Amino acid sequence: MNPTLTSDQSLLLLPPPTAPKSFLPSTRPNPRTITFRTHSPLTRSHPSPKFTIRNDPVPRRAVIRPRAYSGDAESVPISRKESDAPSAFEFITSERVKVVSMLGLALALCNADRVVMSVAIVPMSLAHGWSRSFAGVVQSSFLWGYLISPIAGGALVDRYGGKVVMGWGVALWSLATLLTPWAAETSLWALLSMRALLGIAEGAALPCMNNMIIRWFPQTERSRAVGIAMAGFQMGSAIGLMLTPILMSKSGIFGPFVIFGLSGFLWLLVWLSAVSQTPEQNSQISRNELEYILKNRQKVKDTSKRKNVIPPFGRLLSKLPTWSIILANAMHSWGFFVVLSWMPIYFNMIYRVDLRQAAWFSAAPWCMMALMGYFACAWSDMLIKSGRSITLTRKIMQSIGFIGPGIALIGLTRAKSPVIASAWLTLALGLKSFSHSGFLVNLQEIAPHYAGVLHGLSNTAGTFAAILGTVGAGYFVELVGSFPGFVLLTSALYFLTAIFWDLFATGERVNFDETVS
């Protein structure tokens, strides 16, 4: 490098390997500044000028700080240890949080589109002369479509990735929601078909969420990511229940279907333009975030070119950790849909509360579930960072998520007023959200390459349990004559499932190459 003198003959450059002989050091005011006088013949007619070479603490190797990832890992120098945990501000403003926020919005739309019918079914039944039992058939048509799609959706997710499948899923379920008014006015079979299509399309939502989180989040942040996404899922229930009556009063019975359907297509535009399948493909991600993700996440094989599309169902089902997840999801869905479907009627039957007020008593706990879910996930990540094993952490979270609601439901049956009963129900759902840091994260850990299809299997079991619990509650009350008795049965099932989980669940990757458990 040839030094160039400025007007005051000062230079800022790295010190040369050997100082030229024409420069004689005269003073050294501080460790960073060396002052020289020149004896060059060119300056004899003038006072001997002096200039300084300031030895700033600049690294000897140039550091390149590009904003976007170029695709060549070797061309990106490392400025800090990849395993260094980011600050809270860096986490909140990171690209991976933007991705999981979009997933949370998708899940909010997913649940909102489900519950719109639970509100609109009352005026629709009056308009078409449907009985209460037939109205139940219309609502259950969603579950029949949802019954098998999680397995197929999970397999597609494992093959093509979460971004593509989630995009198609949102497009299809938004179309089904948008066309529901037309279907209701056309024929009963058209309406049932649209509701079944809604269930089929939404079956891939949770497997897509898991696939994207595996690719975007290190293991120590995975619970928080699931917490953010599932908070959207729970808030979707509250949003749908609260907005649907307002929208119906302003735009008619079918107004909410049109508005929620169009919202899905708006989400889809943002998803396709701003979200990438992997961090490596993202043009907006910072170098530090990319290094951190690549260093700390689990490696996931690219299965898009795999010839064998059929997953190894036999090997997956031969392991007890798989069954611990399946049973946990089944119990989780049982409690979820029993509360969603029957708690307003429970408050009406037991406490003689008006159904509209009972809906508010039943809706408040969903907001608590969203808040407690994120707290549980953040605590789970803290336990892992502090040195607790993943297996122990998952067992702690899942135990709270099942034993806690089991105890709270017992308190619900002993409550003497609707306010106290609502408090117990809020506690039950709040503690239930700890399951998101249990089985919902665990399936990513035991089978990262088959997380989608494993989620599909467990979701299908959950759908069976949801149908059995929702239908069985009505028959149980008719036969036994006791609604609190069914609540106590649900509590006992929570305890039994928690025991099975604690015995057979694991946080380590399971070898599915062998059939011996």
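Note that the numbers count up from 1, one per residue, in the order the chain is shown.
In case you wondered, yes, glycine gets a Cβ from its N, Cα and C as well.
What TrEMBL annotates here:
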- 1-55: region 'Disordered' (REGION)
- 1-10: compositional bias 'Polar residues' (COMPBIAS)
- 24-46: compositional bias 'Polar residues' (COMPBIAS)
- 99-122: transmembrane segment (TRANSMEM)
- 99-509: domain 'Major facilitator superfamily (MFS) profile' (DOMAIN)
- 134-157: transmembrane segment (TRANSMEM)
- 164-184: transmembrane segment (TRANSMEM)
- 196-214: transmembrane segment (TRANSMEM)
- 226-247: transmembrane segment (TRANSMEM)
- 253-274: transmembrane segment (TRANSMEM)
- 325-347: transmembrane segment (TRANSMEM)
- 359-384: transmembrane segment (TRANSMEM)
- 396-413: transmembrane segment (TRANSMEM)
- 453-477: transmembrane segment (TRANSMEM)
- 483-504: transmembrane segment (TRANSMEM)
Answer yes if the transmembrane segment (134-157) and the transmembrane segment (196-214) have at least three CB pairs under 8 Å among residue pairs 6 or more apart in sequence, and no otherwise.
yes
With the cut-off at Cβ under 8 Å and a gap of six or more residues from its ends, the chain residues touching the transmembrane segment (483-504) are 320-321, 323-324, 327-328, 330-331, 334-335, 338, 342, 346, 349-350, 395, 398-399, 402-403, 405-407, 409-410, 412-413, 438-439, 469, 472-473, 476-477
Chain residues outside the transmembrane segment (453-477) and at least six past its termini with a C-beta under 8 angstroms from it
140, 143, 146-155, 157-158, 203, 206-207, 210, 311, 313, 316-317, 322, 325-338, 341-342, 439, 443, 446-447, 483, 485-486, 489-490
Local confidence of the domain 'Major facilitator superfamily (MFS) profile' (99-509) - pLDDT mean
85
